[in-house]
Structure formats: structure tokens, C-alpha cells
Amino acid sequence: MTTPTADSALPAPLVGVVMGSASDWSVLGPACDTLDELGIPYEARVVSAHRTPDWLFEYAESAEARGLRVIIAGAGGAAHLPGMLAAKTLVPVLGVPVPATLLNGIDSLLSIVQMPAGVPVGTLAIGKPGAVNAALFAAQILGTADPALRGRLAERRAANEAKVLGQTLPPQT
Ligand code: RP5
């Protein structure tokens with residue numbers, strides 16, 4: 001099946017970044033940027049639970065054998081993509097609610113977070129902050145078995161800390 005792709009330049013993806021529609025790319029793109037920054041190979045694909053259900057099953061069922069260790073799944077509206085993926089694989093799934101409807105992502109958040117007991121989906125914040133945190137969470141999961149990656153994460157935290165500590169407030173007007 002041919003779907004839009006935007007893979008990392010590195011070979012052998014460890015993280016699958018999937019989204020329900022190409023219209024979700026502006027939200028999920030920052031997750032890929034964060035994975036790039038940390039040197040984590042990924043693949044990015046459009047996989048729709050309701051428009052391409054057979055492709056969803058194929059993607060989830062082949063994920064582990066293809067070497068994926070974490071899946072980041074973003075979707076808007078009813079947002080059943082992360083839960084359906086999680087139902088078909090033991091690879092951990094991190095769900096990112098996308099603000100795609102008049103409900104601004106609250107619908108997606110509630111749909112993704114309310115998985116019944118038995119099939120977990122790790123749910124992040126709505127929109128780009130959730131996408132970036134999903135990438136960082138994926139990095140921390142991979143980092144449990146990759147000391148060099150843990151080091152890069154620690155450097156990133158230290159750089160953010162130094163940035164905040166170096167901030168000064170402008171004079172009040
Ligand atoms: C969901 O419906 C997608 O994840 C997207 O957020 C939303 C709207 O999709 P489009 O109609 O823009 O393709 O399946």
C-alpha cells in the first residue's frame with residue numbers, strides 16, 4: 001500500500017510515528033523533529049483506523065518484527081487509531097490527541113485516554129506539546145537500554161535548565 005511517508009535519514013527505524021490523516025502532520029511533525037534532534041531513527045506514516053483499517057492491522061502486526069520499539073500515534077476526532085494499534089501489538093503505543101474538530105482536541109483526548117483496562121495507551125497532551133513529549137517519552141523508553149541516548153536526554157534537560165536559569169525579566173512598564 002502506498003501512503004505518505006517522511007522517514008528519518010537514519011536507517012532501521014525504532015519509532016513509528018503514525019497519524020490518522022496527512023492533515024495531522026503539522027502536529028506530529030514536531031515529534032519527528034525531536035526524534036531527529038536525539039538521533040533516534042523513525043518512520044512516519046499515515047494510517048487511518050476508519051479509512052485504511054486493513055493497513056492499520058498490517059502496520060500493527062508487523063511493527064515488532066520490523067524492529068519498532070515504540071509507536072507514537074496521533075489522531076483527531078473520535079481518535080480510535082492509538083487504541084486500535086495497541087490492540088494489535090505489544091509494542092508500547094503513545095497517543096497524541098490532535099485538535100482537528102470544533103471541540104479542539106478534547107474529543108480526541110477523552111477518546112484516547114479512556115482505554116478500558118487491558119489494553120493500555122500512554123496518553124500525552126493535546127497538540128504539539130503532546131507530540132514533543134511523546135517523542136521524549138519514546139526516547140526515555142529506548143534510553144533504558146541505551147546509555148548514550150540517556151546521556152543525550154540528560155544534556156537536553158541540562159540545556160533547558162541553564163536556559164531558564166539564565167532568563168531575566170524585562171523591566172515593568
Ligand atoms: C482523523 O480525523 C484524523 O486523525 C484527523 O485528525 C481528522 C480529520 O482528518 P481529515 O478529514 O483532515 O483527513 O481521522
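Here the Cβ of each residue, glycine as well, is placed from N, Cα and C on the backbone.
Binding of substrate is attributed by TrEMBL to Ser21, Asp24, and the same site annotation extends, among Arg51, Arg66, to Arg51. In the predicted structure, the domain 'PurE' (13-164) carries a mean pLDDT of 98. The substrate site is defined by Ser21, Asp24, Arg51, and by the 8 Å test on Cβ atoms against their centroid, the other residues of the chain that qualify are Met19, Gly20, Ala22, Ser23, Val46, Ser48, Ala75, Gly76.
By the rule that a residue counts when its Cβ sits under 6 Å from some atom of ligand 1, the binding-site residues Ser21, Asp24, Arg51 yield Ser21, Asp24. The Cβ of Arg51 has fewer other Cβ atoms within 10 Å than any other of the binding-site residues Ser21, Asp24, Arg51.
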